[in-house]
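The next block holds one structure in the form of structure tokens; read it before the comments.
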């Protein structure tokens, strides 16, 4: 039986055992099954690390977005590259992702806000950064009171749902009865003219809180506290900017309402955001996408519990069915002239200084009542302390009854007016308490106190839609510390300023009305938090970086593609976005199309590079002097660096330009193996993320060892190594080492012999004969006849021994003294 058949038979038996365990009384977990399967695979044979290039894996990233636009105005083209006619979008099925992170860490929101600030600085570019109005002025305060006036309205507006004969709605107060009292200062000051010793007196108007006066001697407020810059031109703010990712990156977009209680599944991969609204406003977001349903997006740095609900901030996406809009206008009742000064500045002032020339009017149209009621219902889902009557839609009547039945109108008004709004009656910075917006390049600051007061009164059955506005020239900088001085309103008696803004978002925070926190109200956010206008768009996006290199254990046999793999080429033709289309598929099915997939990935990155380079070359003359031009070039370099880094890493592992690369590194973690039939690459990467560092180091070491072995093998097989035997220099070198070895042995022998001799001499006197021989001599005594002859011989022998002994002693003494010395 072959290895493959044995493997299949063991798998079959394993599945039978697991099935019986599940059917029995014992409960077996899924992890136990995976562990048993892993042990089975380990018993069958070793597994080795295999490198895959082109897997659908990503991680959150931070990089510069590319500013793209299809607008042809100069101020946009100097900062952005032209956008493409269309951008691809690919759905990613069977993938869940978390989109409820911190808003301040969302790269789309953060970069869109800074990009828009750069754009607005370009639109409203100051001439020079000096304090043009920091001079002594003589001013007189006047009050221009617009008494109670009636403003005819030709088209009635409702605040209910879709107008029909069966729905009751709030009637609209057609009379503008708000008293508008604005303090106005008529100021005179001198500037040096263009001629020598000539001065010119300037007379202009300032809003009451823009100047600080003592005895009619005034200076512009905050003159010594911040930088004041004068604007030189006007511009129109329109929807024209896209935020696009550089090559190698993708934006994930969630296509449903955000939910903190579960992961998001309806996800698609895109290259660019939707059009960003290039406007600056407070309280409301204008001219954005028409939302199908309401959605609350928290913008707090951290989640707060119910006990701190009054401190939370939100962005509410207003459903488009309510048709909320704000119409603003200013009559063409003034002219503007400019006066040059010796410093090169142009001071703009009006020809009619005695009148309040900067007033405008805005009208709130649409079904505001039901819109605020729907907001209350969304807040009630988060906190039960927000009381909402869910039966307000049950109030119905005919059209004639709706006009006559005032009691039913009052009941309907009380029903929907459960959410209170801060009416800004407390003292404070009036600029922060007024609704700010741009209207044809002018800065409108509108007082909405009367509107909020009418809404907070449950007995008021009518909707009051009017807000008086002031066109301000001195405005706080919303991006940094400082104040900007804008041009006076557009000149010309017949030049009316008109604009209509669709309300698509509301920006507010929760406040407690009493100390017991039983009642709460909302407070719209001031202009200092203009970054909130991008939360409604950016919260549904996540910037990620493609990680195309994957590592997984496989069998020793090289993975081969089936014969029909060419049919899958069309499924991944979208390049880098097509790579993510298989993110929810199993690892095995992705590996089948991996060759074409990785080729498509490389092709997609290269194609993005070509498109980006072509667009940058078209705008090179305009982009080279701007900061955004540098950022756009930097994004291209970043994407190239990432691609080269991946290829260098594959080269270190010996997997250059290989889609599936088998290695000799053993997979030691037998308890962690992929489920090729049901597990995705994203899930596998999450499980083995902590092993990546060790595996990559082992791959590098294994490839280095393989390279050394290959080099040594090549050396053995090289014929030139055998020819070195006939080289004379080679023989001389080894002969020299042989001579040194022989001389060393001889010297060692001499030293050992000398040491033995010295050691013997240092042992001292030793008897010539042994004790046994002396005993035998005494034991065998000779006869008397022989005694004399033996004694003579013995005497001679003793004398010789004494001489020898004395000689030895003298020699030992000499050697001892020599050794001591």
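Note: Cβ is positioned from N, Cα and C throughout, glycine not excepted.
Features as listed in Swiss-Prot:
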{"type": "COILED", "residues": "607-627", "note": "coiled coil"}
{"type": "COMPBIAS", "residues": "794-805", "note": "compositional bias 'Basic and acidic residues'"}
{"type": "DISULFID", "residues": "67-80", "note": "disulfide bond"}
{"type": "DISULFID", "residues": "127-232", "note": "disulfide bond"}
{"type": "DISULFID", "residues": "134-223", "note": "disulfide bond"}
{"type": "DISULFID", "residues": "139-187", "note": "disulfide bond"}
{"type": "DISULFID", "residues": "244-272", "note": "disulfide bond"}
{"type": "DISULFID", "residues": "439-499", "note": "disulfide bond"}
{"type": "DISULFID", "residues": "446-469", "note": "disulfide bond"}
{"type": "REGION", "residues": "139-186", "note": "region 'V1'"}
{"type": "REGION", "residues": "187-223", "note": "region 'V2'"}
{"type": "REGION", "residues": "328-361", "note": "region 'V3'"}
{"type": "TOPO_DOM", "residues": "759-821", "note": "topological domain 'Cytoplasmic'"}
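Feature map: Swiss-Prot annotations on the structure.
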residue : record         : contacts (Cβ under 8 Å, 6+ apart)
139     : disulfide bond : 185, 186, 187, 188, 206, 211, 213, 216, 217, 218
244     : disulfide bond : 65, 66, 67, 68, 83, 87, 271, 272, 273
439     : disulfide bond : 328, 330, 360, 497, 498, 499
446     : disulfide bond : 328, 360, 362, 434, 435, 436, 437, 467, 468, 469, 470
Quiz prompt | Local confidence of the prediction over the coiled coil (607-627), expressed as mean pLDDT | solution = 54
Quiz prompt | The one of 67, 272, 469 whose CB sees the fewest other CB atoms within 10 Å, among these disulfide-bonded residues | solution = 272
Quiz item: What does DSSP say about residue 80 (disulfide bond): helix, strand or coil?
Solution: coil
Quiz prompt | Neighbouring C-beta atoms (10 Å sphere around the C-beta of residue 499 (disulfide bond)) | solution = 21
Quiz item: Of all the disulfide-bonded residues given, 80, 187, which residue's CB has the most CB neighbours within 10 A?
Solution: 80
